[in-house]
């Protein structure tokens, strides 16, 4: 006897009965079936995915299809876009080189770094709005091609004003690259989401390592122009492969394109060798997508404001550490910076030092610290949750910053910078996991875009702290970074929503997590309507 309940919006006849339950006697079928026990937290087998509902949502389909070949391909392709971290790492290499070659004063060197972040800050919200209005794939493709074009042109800049404008335009394009996380997250099942988003950050770490290695080979022979041109290679590869990228099925459903969404889900199911859920795909169309006011509804107001400060602090501290690393390595230790700066001023305000082979080696070691940062975050984020992971990362960074007050040698300095960078990059990665999870599909790209924009404000300010303020007081500089991270740790603890183990919300017109209530997180014995 098979019992089933109608759960869709189909009409019922009077003969259906009041209860809505039906029994069908099937002849010739074994009635004694062995029970199947699932472990705690185990997923329902794919062959039993949503067997009785005559309607399903994109969330149901993504969970039923699971992680497979399609997601592996998507990881590599979107990871190539995420390797744009090369364009950021190049700032710490390019700045001392142009300072020497073009005899730039320190404020112009700092401006060269800041103009990139001005471009990113001014465009992040725009790219988020484009991705919510016209699709994730559209926004990502345009931003990557923009970055590639102006990144290559930067290598041909004849004078300072030219490279200043071109690097600003590169920053404008980089502002849209974080939308690759939005596209990626919307294709991931719940249990794999945090791990996968963290692992795609490996491409960012690989990009920075590749940039340092490229600089070691290219700078002594071909110079900084070829370094700028060759640094665009991952984006060039992405541009060639982006035709394969599908549009987000969640976006298609929200924009009313049911057939396209269903075709995308069937494509994923075919590539993964998994069955589609039975029934009809539910459309939850919403025309007013990507509206700033939706970020400040009562449900999201505090989340948005706290996340803006967290992202600001993350970028302010992360890029500050990247720039400080170059300064500290050239000085030898913290205590030597002040005396070294005064000696330089006594000689000439434009005296410079090129990066040595030892500087590049230490730069590589601190860059490699991002890999342990990924592993630590990967291990704790599903154990203690997103909020506590971010708080812990900020606290460790703050503690390491305070330890730099001691007059440690170069080896201990390298270790402290290694640990600090590992945890602040881990905090950044945790923010990239949390932010797409907490916002609904209708404003997910905009939410991530505005947070990314606030991060660029922090990155815009940090060169004047890590390079200009450092000339006055190294200790004041360290206090600023340490204090900012302590406040960010508190902000992480006060976030009102923990997204660990929760589904992605589709429409901003529904309560947070409403789609997954009674679906993915019900306990045995509960009924599902």
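The chain as shown is numbered from 1 upward.
Each Cβ is built from the backbone N, Cα and C atoms, and glycine gets one as well.
Note: TrEMBL annotation is automatic and uncurated.
What TrEMBL records for 1-21 (among others) is region 'Disordered'.
Positions annotated as domain 'Major facilitator superfamily (MFS) profile' by TrEMBL: 73-500.
Panel annotation: around the transmembrane segment (74-95), residues 109, 112-113, 116, 140, 144, 147, 151, 170, 174, 177, 180-181, 183-184, 187, 196, 199-208, 210-212, 215, 219, 224, 227-228, 231, 234-235, 237-238, 241-242, 244-245, 319, 322-323, 325-326, 355, 363, 367, 467 of the same chain, lying at least six beyond its termini, place a Cβ under 8 Å from a Cβ of the stretch. Annotated transmembrane segment per TrEMBL: 74-95 (among others), in sequence order.
Residues 87-88, 91, 94-96, 98-99, 138-139, 142-143, 160, 163-164, 167-176, 178-179, 290, 319, 323, 445-450, 452-453, 455-457, 459-461, 463-464, 467-468 of the same chain lie 6 or more positions beyond the ends of the transmembrane segment (107-130) yet place their CB under 8 Å from a CB of it. What TrEMBL records for 107-130 (among others) is transmembrane segment.
The list of residues near the transmembrane segment (142-163) in space but at least 6 beyond its ends in sequence, with Cβ under 8 angstroms from a Cβ of it, reads 81, 84, 87, 98, 102, 104, 108, 112, 123, 127, 130, 169-170, 172-177, 179, 225-229, 231-232, 235-236, 238-239, 242. Per TrEMBL, the feature transmembrane segment maps to 142-163 (among others).
Annotation source TrEMBL lists transmembrane segment at 197-218 (among others).
Positions annotated as transmembrane segment by TrEMBL: 224-245 (among others). Packing against the transmembrane segment (224-245) from elsewhere in the chain are residues 73-74, 77-78, 80-81, 83-84, 86-87, 90, 93-94, 97-98, 101, 137, 140-141, 144-145, 147-148, 151-152, 154-156, 183, 207, 211, 214-215, 218: each is 6 or more residues past its ends and has a CB under 8 Å from a CB in it.
Residues 88, 117, 390, 394, 397, 421, 424-425, 427-428, 431, 434-435, 438-439, 447, 450-452, 454-459, 461-463, 465-466, 481, 484-485, 487-488, 491-492, 494-497, 511-512 of the same chain lie 6 or more positions beyond the ends of the transmembrane segment (299-319) yet place their CB under 8 Å from a CB of it. If you look up TrEMBL, you'll see 299-319 (among others) marked as transmembrane segment.
Counting only same-chain residues 6+ beyond the ends of the transmembrane segment (389-406), those with a CB under 8 A from a CB of the stretch are 310, 313, 317, 321, 334, 377, 380-381, 413, 416-417, 419-420, 423-424, 426-427, 430-431, 434, 475, 478, 481-483, 485-486, 488-490, 492-493. Among the features that TrEMBL reports, transmembrane segment is placed at 389-406 (among others).
If you look at the transmembrane segment (412-434), the same-chain residues 6 or more away from its ends with a CB under 8 A from one of its CBs are 178, 181, 193-194, 197-198, 201, 205, 307, 310-311, 314-315, 317-318, 321-322, 325, 328, 333-334, 362, 365-370, 372-374, 376-377, 381, 386-387, 389-390, 392-394, 396-397, 400-401, 403-404, 451, 485, 488, 495, 499. Annotation source TrEMBL lists transmembrane segment at 412-434 (among others).
Listed as Cβ neighbours of the transmembrane segment (446-466) (distance under 8 Å, sequence separation of 6 or more from its ends, same chain) are residues 110-111, 113-114, 117-118, 120-122, 124-129, 131-132, 171, 175, 178-179, 181-182, 290-292, 294-295, 304, 307-309, 311-317, 319-321, 323-324, 327, 431, 435-436, 438-439, 477, 480-481. For 446-466 (among others), the entry in TrEMBL reads transmembrane segment.
Among the features that TrEMBL reports, transmembrane segment is placed at 478-497 (among others).
Summarising the annotation, TrEMBL assigns region 'Disordered' to 506-529 (among others).
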